[in-house]
Amino acid sequence: MTILNHTLGFPRIGLNRELKKAQEQYWSGELMIKDLLLVGSELRKKNWQKQKESGIDYIPVGDFAWYDHVLTTSMMLGNIPERHNNTVDSIDLDCLFRIARGCPPDISASEMTKWFNTNYHYIVPEFYKNKVLKYSWKQILDEVDEALLLGHKVKPILLGPITYLWLGKVKGEYFDRLDILKDIILIYKHVLKELSNRSIDFVQIDEPVLVLELPKKWKDAYHYAYKELSGITKLLLTTYFDSIEHNIEFIRDLPVQGIHIDLVHGKYNLKNFSSKIPSEWMLSLGVINGRNIWRSDLLKWFKSIKSISNHHRKILIGSSCSLLHTPIDLVAEKHLDKEVKRWFSFAVQKCEELRLLSSALNDNDIDSIKEWSLPIYERSVSKRVNKIEVENRLSNVLIDKHQRLSPYKTRSIEQNKKFNFPILPTTTIGSFPQTISIRKLRRDFKLGLVTEEEYTKIIKKNIKKVIKIQEELDIDVLVHGEAERNDMVEYFGEHLDGFAFTDNGWVQSYGSRCVKPPIIIGDISRPKPMTIEWSKYAQSLTKKPVKGMLTGPVTILLWSFPREDVSLKKIATQIALALYDEVLDLEKEKIEIIQIDEPALREGLPLRKSSWHEYLSWAVDVFRLSASGVKNTTQIHTHMCYCEFNDIMDSIALLDADVITIEAARSDMELLESFKKFKYPNEVGPGAYDIHSSNIPSVQSIISLLNKAMKYIPLKRIWVNPDCGLKTRNWNETILSLKNMVEATKILREKMKDSECD
């Protein structure tokens, strides 16, 4: 039986980030809606054609989104929060963007969080009791029609109904969100009927929550949902990011026609798994890693798939997950070292890998895949990869270096005496707005168009401006603004040995936000200080403390494309040792507050709780290692993004940061409930306003949020700060927002003084 191939999705941003640029032009009023729609249409055509030319048999349709695919599903279901509704009973792109971004002056955006354990984000669906859901957004049908008209062999993609419900949150009056499953299923049935009328072979229906440890009522919901959806069109139940072996007993009873499994990130005995599922099911094997950039060992996969390919079952081969998480095309990289470039495979090359592998399997000819796999061996013996001096230092790391000199209670007394901050001390998270001219300066400096002297002069001028603004606003703890940094991970990668960098390796994080992850190609070490010059200069401009700003070891690891030949723990420990040296150098230069950001800490958790302990153990260890050399009077801060903290509070506390800042504003301080329950002992900056929205927070809204925070955290341990860095905001928004933040804080301080007098 012929083995066909498919991808689970393709990057949507465009090779030159065309979607990002068009979105931002539309939001700023520089682009008409018809022009934005045209950009989307052209990108879809290019993506479909590129996959077809690369040898993909089934072209995925439904992977394109104007912000994220979960929000697209909310639009399809008519699940629009009332505050975002149009004045007339209709929905449109502006409605979608309001949900994602909010609307000035005071319509808040919906919450945003991480997509499973990736650095991609989605807008969290909001579920309200008695909300009427109805089919409202026909994007999937329109795009299927587009692709069919172009002659493609189409495979529509839908986010599965159970996963959609799992990812959302009940708002307002509580009810069981599974109560609305029936209404959702009616809409899915309508969409599937429409798709069945379009002569497609099957629908890819994504249910990644099947890799989790599900409560019984959610398993029961699967039985109900897929019984209702059966018989309309063929369904390929699609899972990724981990194994579903633990759930196979109920999955195999679902009335679907096939299953996709992630063989890269899930542990499977393929022969055994194949024997457990119905013989008539298609089996789609995710063998090409959709989350990393390394060239695939096609010989390994050839042997594995051959072992079951004569079992008279229809087999598909595909990417492990959507290729959304990888850069688009390696051919666009003109400056990568030739040796290193041969080690990589981006989205287009992964399509070619699928073509090579399916051809080899069908023709029983391995010559082409042998040739493809040669660079994998070359890399294993390259001197760029393993370095004896790094290995030697690693072997001498002792566990007692993973802690501060004294416990927090002792340190806090010494720090309070040293800094004498007022109650509710104010600070920011690190970055300040980056103008077009600053981005151009960095680019020109890299290209050699600007001298180091000119570059340094302009960066220092920017630092001086940032310090002056913060002093005028009367912020207590300052930052230098990070004008020299393109990205909080890439910057450190550029100053560490063991990394490679792309010119165009962009990956979508959320909406128009794209990141360009560095690639960890070998052992990591710090050849020289990375941040000292800028922090030292900033501190020389003010008597107020200026924070040294570092990205933590887990975040550098997880927001890079990591090696696959050594453990993540080993890579993280190498990074921690480099940061340990940097922290001590900052302290020597009288930088007495040092922030080590770990926004990715929770993202790295294995998807199943039973596997959490090992990861959290080393993740905590490497953070503590990086901060372990400083004096009691040196204050260590950390920052975390979009986290559900409830089930990892033990580990958060074990980090032993003197101050943790988090993103609780967008959740209306709900995230602090876990800090209260745990009786978190250290200081907390919960985030006084949401920086991801262009709304200027009012003084009263900030006071309201801080009053809520005081219900969870003792007043003396609360810091006041924006909920994230300010790089993506403009200067006017930033100054007005910070002005209101400081004013709100001063009002509360006066109120506290008055209450003390009373």
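Counting starts with 1 at the first residue shown.
Here the Cβ of each residue, glycine as well, is placed from N, Cα and C on the backbone.
Summary of the site annotation: Swiss-Prot records L-methionine binding at Ile429, Gly430, Ser431, Glu482. Screening the candidates Asp329, Asp585, Asp597 against this entry identifies Asp597 as the one listed for that site. The annotation in Swiss-Prot ties His639, Cys641, Cys724 to Zn(2+), and of the candidates under consideration, Glu663, Glu733, Glu743, the one tied to the same site is Glu663. 5-methyltetrahydropteroyltri-L-glutamate is bound by Arg17, Glu18, Leu19, Lys20, Lys114, Arg513, Cys514, Trp559 in Swiss-Prot, and the record lists one more residue there from Glu471, Glu472, Glu598, Glu603, which is Glu603. Cα distances from Leu19 (5-methyltetrahydropteroyltri-L-glutamate binding site) to the binding-site residues Gly430, Glu482, Cys724 are smallest for Cys724. Shown are the binding-site residues Leu19, Ile429, Cys514, Cys641, Cys724; of these, the residue with the fewest other Cβ atoms within 10 Å is Cys514. The two recorded residues, Glu603 (5-methyltetrahydropteroyltri-L-glutamate binding site) and Asp597 (L-methionine binding site), have Cα atoms 14 Å apart. For Lys114 (5-methyltetrahydropteroyltri-L-glutamate binding site), the binding-site residues whose C-alpha atoms fall inside a 10 Å radius of its own C-alpha are Cys641, out of Ile429, Gly430, Ser431, Asp597, Cys641, Cys724. The subset of recorded positions (Ile429, Glu482, Cys514, Asp597, His692) lying with their Cα within 10 Å of the Cα of His639 (Zn(2+) binding site) consists of Ile429, Asp597, given in sequence order. Classification of Arg17 (5-methyltetrahydropteroyltri-L-glutamate binding site) by DSSP places it in coil, neither helical nor stranded.
In this view, Lys114 (5-methyltetrahydropteroyltri-L-glutamate binding site) is surrounded by 20 other Cβ atoms within 10 Å of its Cβ, with every protein chain counted. Here nothing among the recorded positions Arg17, Cys514, Cys641, His692 falls inside 10 Å of the CA of Ile429 (L-methionine binding site).
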